[in-house]
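Accompanying notes for the structure given below.
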Number of protein chains: 4
Amino acid sequence: MADSKPPAYDEDSLVVSDDPHHPANHICTLCRNFYNFGWVTGTGGGVSIKHGDHVYIAPSGVQKELMKPTDMFVMDYKSGEYLRRPEAHKPSACTPLFMAAFTKRGAGCCIHTHSQWAVLVTLICESGMQYHGNTKVFAIKEIEQIKGISRGGYGNTNPKDEILEGGRKAGNLGYFDTLRIPIIENTAHEEDLRESLEKAIEEWPETTAVLVRRHGLYVWGKDVAQAKTQCESLDYLFQLAVEMHKMGLSWLN
Amino acid sequence: MADSKPPAYDEDSLVVSDDPHHPANHICTLCRNFYNFGWVTGTGGGVSIKHGDHVYIAPSGVQKELMKPTDMFVMDYKSGEYLRRPEAHKPSACTPLFMAAFTKRGAGCCIHTHSQWAVLVTLICESGMQYHGNTKVFAIKEIEQIKGISRGGYGNTNPKDEILEGGRKAGNLGYFDTLRIPIIENTAHEEDLRESLEKAIEEWPETTAVLVRRHGLYVWGKDVAQAKTQCESLDYLFQLAVEMHKMGLSWLN
Amino acid sequence: MADSKPPAYDEDSLVVSDDPHHPANHICTLCRNFYNFGWVTGTGGGVSIKHGDHVYIAPSGVQKELMKPTDMFVMDYKSGEYLRRPEAHKPSACTPLFMAAFTKRGAGCCIHTHSQWAVLVTLICESGMQYHGNTKVFAIKEIEQIKGISRGGYGNTNPKDEILEGGRKAGNLGYFDTLRIPIIENTAHEEDLRESLEKAIEEWPETTAVLVRRHGLYVWGKDVAQAKTQCESLDYLFQLAVEMHKMGLSWLN
Amino acid sequence: MADSKPPAYDEDSLVVSDDPHHPANHICTLCRNFYNFGWVTGTGGGVSIKHGDHVYIAPSGVQKELMKPTDMFVMDYKSGEYLRRPEAHKPSACTPLFMAAFTKRGAGCCIHTHSQWAVLVTLICESGMQYHGNTKVFAIKEIEQIKGISRGGYGNTNPKDEILEGGRKAGNLGYFDTLRIPIIENTAHEEDLRESLEKAIEEWPETTAVLVRRHGLYVWGKDVAQAKTQCESLDYLFQLAVEMHKMGLSWLN
C-alpha cells in the first residue's frame, strides 16, 4: 500500500501448468464454482493455496469467475516476498488473513466468502443472545452436517481419535457436539482484520473458521479438499440456521 | 470398522465401462447432479446401485461431485464381501442402510441426501403435532406431486392397480391419498441407524423413504429412475411444506 | 387408457432432424431447461408443440431432462390419431389439455409446469379473498413484468393496438392493467381436468394461462417463444407474489 | 415508434468478430448469464455497451439468453442515428435510458434488470420510511459488499482518494458509508422513464444506479466490468435487505 509501487514480476513458469490441480489452475476452477454459489459476488471474497513454500493468491478487485492462471500472485512463504506480481493487478487485501491460517494453523488452503448466509447469521447474532465468554459466537448442535467440520487443531491434519496437546480430541465434530464459530468485528479496511483474526485463531484453538460481522467467512483446511468441504458444510449450516430462525426454531434446543 | 484394515482389491474390470448406465459411471453422474441440488454438500449423502448380485457404493468422505468410477466400492450382494475395495478410500457408513432397502424391499437403488428441506421438515415435526401411532411422521395430502411417490410394497415393482398381499393397492399414490414418511431418531454414528431404519421399513410397509431427524432422507426404488424421481418428488414436497409452514398453511387441511 | 393396448408406430422420420428447432428436438431442449427451473420435477409437467398438422407431445412418466427425440409421440391434429406411438412409453395424460389450447385458442405451443410458485399461489388464494365472479383467480397489478403477458385473444397472434372482436384490445397487458389467471379445481386424474380447463378457457377469453389448484400451471402461446416467455413471466410473478405475501404486501394495493 | 417504419440496415461488419470482448459478442454472453440470475426473465431487462462512438443495444422483445450478435442494434453516439437496424427486430425502449447514463455520466456500459430483489426492495420502501429529502430512496450501511459500489462521479473513472469537483471523494464507498439508491416512479411506457431517470441522475451525483418502483434497476459503470460487478453487488445487497426485512433487522441500525 506504499506510494511507490513495487516492481512487477511476471514469472509465468510459476503459474503455467497442464495439471488441473496445480494451484494456479485450481484457484481458477474453485473461483468459478464459488461464483455460482454466491460466495464471491462482484469482486468480493477470495482463495489462497499454500503449495510447498509458495503461496498462491487471487488478485484484488477482479471478477473471480473470469480469472486466468496468469492473474495469480505468488509469494514466498518464508520471506513473505512476492515471487510473482502481475503488473495489471493489486495484491489481495486478504493476504495477511490467509497467511494467519497458514502460519498459525499449518493450513494448506484458506477461503474467504461473502456468502449472504454467513452475513445473515452474524446479523441474527447481533441481537446478543449468542455470547460465549467475551466473544460473539455462532453456535449450533445436533445437525448431522456438523460432522463435516473438523474438531480443530493445527490444520486438522490429525487422524480420528488422536489426542492433541492439551487433551483435545482430533478428527471431526460429532453429532452431539456443539459447533462454535467466533464472530469478530468488521473493520473499515480488510487488512485491518489481521489482528483480531489472529487473536480469534489463538483464543479458539478448536475452530477451523472465523465469521466477520456483516462481512463474511474465513475458513481453512489442511488442503483444498478440506477447506472447500468445510466451507460448504458451514455455508449449509448458516443457511439452515437462518431458515430455522425465520420459523422460530432454536439453534441449541 | 475393525482395527486391522482389510486388504484392498482394485478389480478395475468391475468399474471400467463405456456405458454411461454402468453403475460405476451412473453413480458419478448422479452425484454431480445431486451436488448441484444441495443433496450431498461437503462429503455428505450418497447413493448405491444394486446391479445383479453386485452392489456399487460411493466411498465415505469424498467430494461426491468429483468422484471417478475407480473410486467405487463393489460388494457381493449374497455374501456381503467386498469384491472391490479401493485402498485410498473408506467404505461408506451408509452401506448397511443401503443394504436394508435392497434386502427388505428388493430395491435396485437407494439414495441418501442431506437436503436442507428434509432436515427442516423434521425440525418442524419436532413440535410434536405430526405423530402417527408411536412414530413421528411427515404427512401431507392434496398436492399433485404426491402422485410421483409409489404406494409402496416390495421395491415398488408392481403395476398399477395390482392388489398386494394384505389388500394394499400397488402403483403410485393418488391426489387424495395422504403421503406419510416416518421420521426416525438420529444417532451419533451413521451405521447405528441400521436397526431403527430396518424397523421403520418393517412397520411402514407402504413407505418408499425414511426421514432421519436433523439429518436427511433415505429413499429407494426398483431402479435408478424410480429412486431418483421419487427423491426429487419428495424434496419438492419437503420444500413446499416448509414454505407452507412459513405462511401458516396446513399440510393436511 | 383402454385395456387392449393400441399398436405402437415407430415412425422415426417424424422425429429425426438435424434442425434444433424441429419440434422433437425443441421439446427435449425445453424440458432440460424446465427441469433446471424446477418446473418438471420427478416426471411431472410437460410440453407440446403443434407443427402444421402434427402435434408433438412428450410421453408420460419419463424423466423430462433425459428425453430423446425418439421418445416423442406425434398426433395428427385433425383426426386425433397417433402417427407415432413409441412402444416403450405411455401417452401423456395432459394430451387433451394441450389440445384444448390448440383447438380453442389456435395456440402453437402449450407448457404444463408443477412450479412450486404456482402451487403456493393457489394455496394462498384458497383463503378466499381472491374471487372474481364465481371463479377463484390470481390477480396482481402494477408490476412491470405483467407487460410480458398477452392481453389474450386467439393464441395472441394479434399485433399491438388491434381491436379484437368484442372490443378487446390485442397486444400485451400494460403496467396499469390487472393480470388475472383463473384457478380451477384439481381432479384425481389429470385427463379429468379437460372439462374445467376448457370451461375456463371459454369463460376467460383474455387469459393465456390457467392455474390448477395444488397442482401447477397450463400456459400457451402462438409459438414456442411466446409460450416459454409467458411461462417465465408468470412464474416470476408467482414467485414475487409469494414473497410479497410473506411480507404482508398486497397484490392489488 | 413512428407510423412509418424506418429502413433497416444490416451492416454485419459492425457486429461480426472473433473477439469475445467485441461488444456484439459480449452482450450475448452477458445476457446468457443475466438470464440465469433471473435478471432478464421473459424478454425483460437489457444491456448496452458504448464502444468508441458506437452504441450497441440488444433489441426489444427477444429472449435475451438466445441472442446472436447479428440481432444487435448499433447507434452512432454523436448523431443518435442507427448505423445498424435489424429488420426482424424492434429497437429497445430502454435506449434513451441507456443513453442518459452514457451522456450524463460518461458511462461505457449500462445494465437494466427486472431482478425480483430490486422490485421487492422498492415495494418494501413504499411503506414510506425510507425518504431522503423529497425522493424515495433505498439506503443501507455497514455491510461489506457496499464496498463494491463506486462513490459516484462521472462514470466512476477516478482513482481512489481523488477529490472530485464539489469536494466529493472518488473511489468506492467504504464500510461505514451509507449506500443510497434513488427510487423513481414507474411509467406506463418504458421510454417515458427518461425524464425522471435523467432528473435522478442529476439530483444524485453520487449514485451509480437508479431503482424503478415495481420494475427493476438501471446501473452503469465506466466499462462492462464495473457495470456488471456493481450490478452483482447491488443485487446481493437487495437480496440481503429483503431477508433482513423478513427477520425484522434494520437496514440502517
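Even glycines carry a Cβ here, placed using N, Cα and C.
Sequence annotations record features per position, and here TrEMBL assigns active site, proton donor/acceptor to B:E144. The substrate binding site annotation in TrEMBL covers B:C94. According to TrEMBL, the feature Zn(2+) binding site maps to B:H112, B:H114, B:H215. Here TrEMBL flags B:25-242 as domain 'Class II aldolase/adducin N-terminal'.
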Within 10 Å of the Cβ of B:E144 (active site, proton donor/acceptor), how many other Cβ atoms are there? 19
What is the Cβ neighbour count of B:H112 (Zn(2+) binding site) at a 10 Å cut-off, with all protein chains included? 28
Across the domain 'Class II aldolase/adducin N-terminal' (B:25-242) the predicted model averages a pLDDT of 90
Proximal to chain A - recorded positions among B:C94, B:H112, B:E144, CB under 8 Å: none
Could you measure between B:H114 (Zn(2+) binding site) and B:E144 (active site, proton donor/acceptor) for me? Cα positions, answer in whole angstrom. 24
In sequence order, which same-chain residues at least six apart have a C-beta under 8 angstroms from B:C94 (substrate binding site)? B:G46, B:S48, B:I57, B:H112, B:E190
What does the structure give for the C-alpha distance between B:H215 (Zn(2+) binding site) and the residue listed as 'active site, proton donor/acceptor'? Integer Å is fine. 26
If proximity means a C-beta under 8 angstroms from chain C, which of B:C94, B:H112, B:H114, B:E144, B:H215 count? These are the recorded positions. B:E144
With H, G and I counted as helix, E and B as strand and the rest as coil, say where DSSP puts B:E144 (active site, proton donor/acceptor). helix
Does DSSP put B:H112 (Zn(2+) binding site) in a helix, in a strand, or in coil? strand
Please report the three-state DSSP label of B:H215 (Zn(2+) binding site). coil
I'd like the number of other C-beta atoms within 10 A of the C-beta of B:H114 (Zn(2+) binding site), please. 28
Would you mind checking how many other C-beta atoms are within 10 angstroms of the C-beta on B:H215 (Zn(2+) binding site)? 27
